[in-house]
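Participant: Below are the features listed in TrEMBL for this protein:
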REPEAT    B:106-147  repeat 'WD'
REPEAT    B:196-237  repeat 'WD'
REPEAT    B:238-281  repeat 'WD'
REPEAT    B:282-323  repeat 'WD'
REPEAT    B:335-367  repeat 'WD'
REPEAT    B:368-400  repeat 'WD'
Amino acid sequence: MTIKTLSQHGVQRQQMPCLTKMERMIISMQDPDMGIKLRNQRLLITVIPHAMTGADIFEWLIKKFSISDEEALHIGQIFVKYGYIYPLKEPRNLILKVDNSPYRFQTPYYWMSTRWPASELDYAIYLAKKNIRKQGELIEYEKECYNALHKRINHTWDFVVMQAREQLRASKQRRKADRIVLECQEQAYWLVNRPPPGTLDNIDHGPERRTTNTRVQLFISFIMHPCSKKNADFYKKEIEHNRISLARNRVKSSICLESYVKYCEQYQPHDPIMQGCLPSNPWITDDIMFWNMNCETVSVPTKLRVERWSFSFMELLSDPVGRKEFLTYLEKEFSAENLCFWQACEDVRHGETSKIPGKVDEVYKQFLAPGASRWVNIDSKTMEKTLEGFKRPHRFVLDDAQMHIYFLMKKDSYPRYLKSDLYKNLLARAVVPQETKKSVLPFIHRQRHSSPSPALATQAAEDDGKTKNSNSFKSNSGTASRL
Amino acid sequence: MLMVEMCHVTFASTSEHHQLCRLEYRSRLIIKSTFIDISVIRLCFVKMACQGLAKGETIHTLKAESETLKGKLEEERAKLHDVELHQVAEKIEALGQFVMKTRRTLKGHGNKVLCMDWCRDKRRIVSSSQDGKVIVWDAYTTNKEHAVTMPCTWVMACAYAPSGCAVACGGLDNKCSVYPLSLDKNENLAAKKKSVAMHTNYLSSCSFTNSDMQILTSSGDGTCALWDVESGQLLQSFHGHSADVLSLNLAPSETGNTFVSGGCDKKANVWDMRSGQNVQSFETHESDINSVKYYPSGDAFATGSDDATCRLYDLRADREVAIYSKESIIFGASSVDFSLSGRLLFAGYNDYTINVWDVLKGTRVAILFGHENRVSTVRVSPDGTAFCSGSWDNTLRIWA
């Protein structure tokens, strides 16, 4: 049994699901009834048994998975690249050719899941064999590897050479066809596991990922890493978590799923990838009118944009133009302080920690203190809780009050706004952009203009001596998109 | 020399346990006073395992109880599952021929692109790569605007600040650093760097919350954390994953207080940002979860995993409601994102392709070829006009 080091184990973990799937496919490809029809293929003067053409593989894939040509070719390439199928003609070129080029299935002995990672010793023996056979005429990079290995594992070199000689001797006693097949198999294996410089390295992977299983092997890391062992604490937490989950209120699937259908339907006209956008998608036509017409400080918004405010209160508030309009409406209703309070709370929640006490103080003076200039109506219980929290102001101290005002606006002012003349007139005046006529010569690019960087806006503000703090609704980036 | 006797079944030291232990056999562990050897370490392991055990409890009984509860939970979840998503979607029109092409190719990274994020101005992006380079581009013109060289390799996480004035990034340095973007050509961006987050393992993902002042991070050390940018202070930490956390996403909800994370323990956890509690947990994937993304309404989220499937989980129904998979898709999904309406799910895979799924019907509408190596990141632009994919072939592509 080979002793696996941690890194081997870790990487193989990531690859295993893919390899298992690929191997399953390969096995079904070799099924005597439903698989690819294998026949003898002629290679120069020898006849290789159990081979197939590239076209065979291609057609089988299309039929089996009902996929397009491009996808079938893609999957076929993967099999060749990972060494499950190897070419007989031009063996150094690991690609799938959709013609009558001969290919063969790699023996499971050399599959990635069984013999990975390839051992240095095996590679040394392989190169030694080649060296002996070709009397020192190895390919450049193989020569380099050979010399490097010779240096690195010098102490076992006698063993390497002896093994190489033994294997060469044994293979001489085989039939020529068998010998060629075995050589091809071995060569294919090494082309995948020791790719020549310049070709893609399939074994390339990201940084090592760890799970509880891989860590079990090393005792030391147990103690060092708190979450590495499933101890009593871990299970107790799980039990508690599961108990709470059991008690949760759930909603019927039919209701939840219907809501997706409704949501997708409602937003489809607003989804440029699904339905295009007017006047045109800037990425496709190189015309940025769409962005200009929808920027944050436009005076006449588009119809789609204004319609979107009616989807939910959140939509209205997250659009700076929408918020401005809503504020105008609230001013008419003499309840603008609600929105201002909400904005001030957002500022506290998302602003710099050092400024929180100061901001909270301001909020109290302006909105919550008895007789405040912009007093907001909060119920006594929430007010009490909030005032209690003021003794030690923190980021979330205004959350309850903010929530109360938010829902007040949502239930009361927002529906009335949507029914108001202000909104209806805006909707009537709103622009429906004309579709940009497609250019007669589509392959000639329009000039792509650059836009001022959002960072520029802050630079200017900094130069004016103002603070650098910019929240999304302070619209600093508004100047950047104005063109 | 200290001799400790332990029952090798319950692992409690015999002094506290011998009356209850029915077995005759006891093993001895000898602790040497001058150096630590395997026996001591093993002792610590078992002691740690047994800490917190009440009378009559063992690891095995706790594990069994947990499994029973899990089973009951699955039963409860199944009770309200009265219809499948594709059934509900039968009445909707199928999507027609779907054509998306590469509209821009951003070349400039010298090594694998690992992560990218859009700026709120809908055209700028930030991308990070294996060689430590973080580049800010105007994707529309394909011009590079800023470049930073991080002191570490494998910068797996990067994010654009909501104001557009800074970027955050991190990776094998175990930190998340914020770089304010200066337009002064002579200024070295690295000089103004601010170290914000500190983890004990690699940084896998980072995201600004609604402002430039707070950052949410996930790490290979199994935790997520919320940080204050100004002071670098840890505001909240989130424990519950039992392996590397690979991805996180903030909920687009009204109250803006939750986020979802996915990790190598095959779990997707939903967290409350204020209390640090794990409010919901889903475990149906068969392998590492590489990416998590909320459905635009905030009622559900999608995941992409190494088991070659993407799944949709509903938060109100508290269960998995859809699986997006195909027999011909062998490799794992590294990154997922929804189109603006939530009808389409774009998923980048380790077999160099991007598959586009019809979220409601559960079918694949297109497969996009073009990248010459793994697709590591896929993100839709803020106004939904395009999506960007980053790949190990050193390029980024804008598709529309």
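Note: Cβ is positioned from N, Cα and C throughout, glycine not excepted.
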Participant: So if I exclude everything within five residues of the ends of the repeat 'WD' (B:335-367), which remaining residues of that chain have a CB under 8 angstroms from its CBs? That is, six or more out.
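Facilitator: Residues 85-86, 88-89, 92, 94-95, 98-100, 290-297, 302-304, 308, 310, 312, 322-324, 326, 329, 373-380, 383-384, 387, 389, 391, 393, 399.
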Participant: Which numbers of helix, strand and coil residues does DSSP report for the repeat 'WD' (B:282-323)?
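Facilitator: When I sort the residues of the repeat 'WD' (B:282-323) into the three classes, I find 0 helix, 23 strand, 19 coil.
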Participant: Mind tallying the repeat 'WD' (B:238-281) by DSSP state, helix then strand then coil?
Facilitator: 0 helix, 23 strand, 21 coil
Participant: So which residues does the repeat 'WD' (B:106-147) touch in its own chain, when a touch means Cβ under 8 Å and the partner is 6 or more beyond its ends?
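Facilitator: Non-local partners: 153-160, 162, 164, 167, 169, 171, 179, 181, 189, 205, 373-374, 376-377, 379, 381-383, 385, 388, 390-398.
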Participant: Would you mind listing the long-range same-chain contacts of the repeat 'WD' (B:196-237), meaning Cβ under 8 Å and 6+ residues beyond its ends?
Facilitator: 115, 154, 156-163, 165-166, 168-178, 243-250, 256, 259, 261, 263, 271, 273-274, 276
Participant: Are there residues at least six beyond either end of the repeat 'WD' (B:238-281) with Cβ under 8 Å to its Cβ atoms? List them, or say none.
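Facilitator: Answer is 201, 204-205, 207, 209-210, 216-226, 287-294, 296-298, 301, 303, 305, 313, 315, 318.
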Participant: Just to be sure I understand, if DSSP states are collapsed into helix, strand and coil, how many residues of the repeat 'WD' (B:106-147) fall in each?
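Facilitator: The repeat 'WD' (B:106-147) comes out at 0 helix, 25 strand, 17 coil.
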Participant: Determine how many residues of the repeat 'WD' (B:368-400) DSSP places in helix, in strand and in coil.
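Facilitator: So the repeat 'WD' (B:368-400) is made up of 0 helix, 17 strand, 16 coil.
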Participant: Go through the chain and flag residues at least 6 beyond the ends of the repeat 'WD' (B:368-400) whose CB is under 8 A from any CB in it; none is fine as an answer.
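Facilitator: Sequence-remote neighbours of the repeat 'WD' (B:368-400) are 100-107, 109-120, 122-123, 125, 127, 129, 137, 139, 334-341, 346-356.
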Participant: Please list, for the repeat 'WD' (B:335-367), how many residues fall into helix, strand and coil according to DSSP.
Facilitator: 0 helix, 19 strand, 14 coil
Participant: In the repeat 'WD' (B:196-237), how many residues does DSSP put in helix, strand and coil?
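Facilitator: Per DSSP, the residues of the repeat 'WD' (B:196-237) fall into 0 helix, 25 strand, 17 coil.
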Participant: Could you tell me the mean pLDDT the prediction assigns to the repeat 'WD' (B:238-281)?
Facilitator: 92
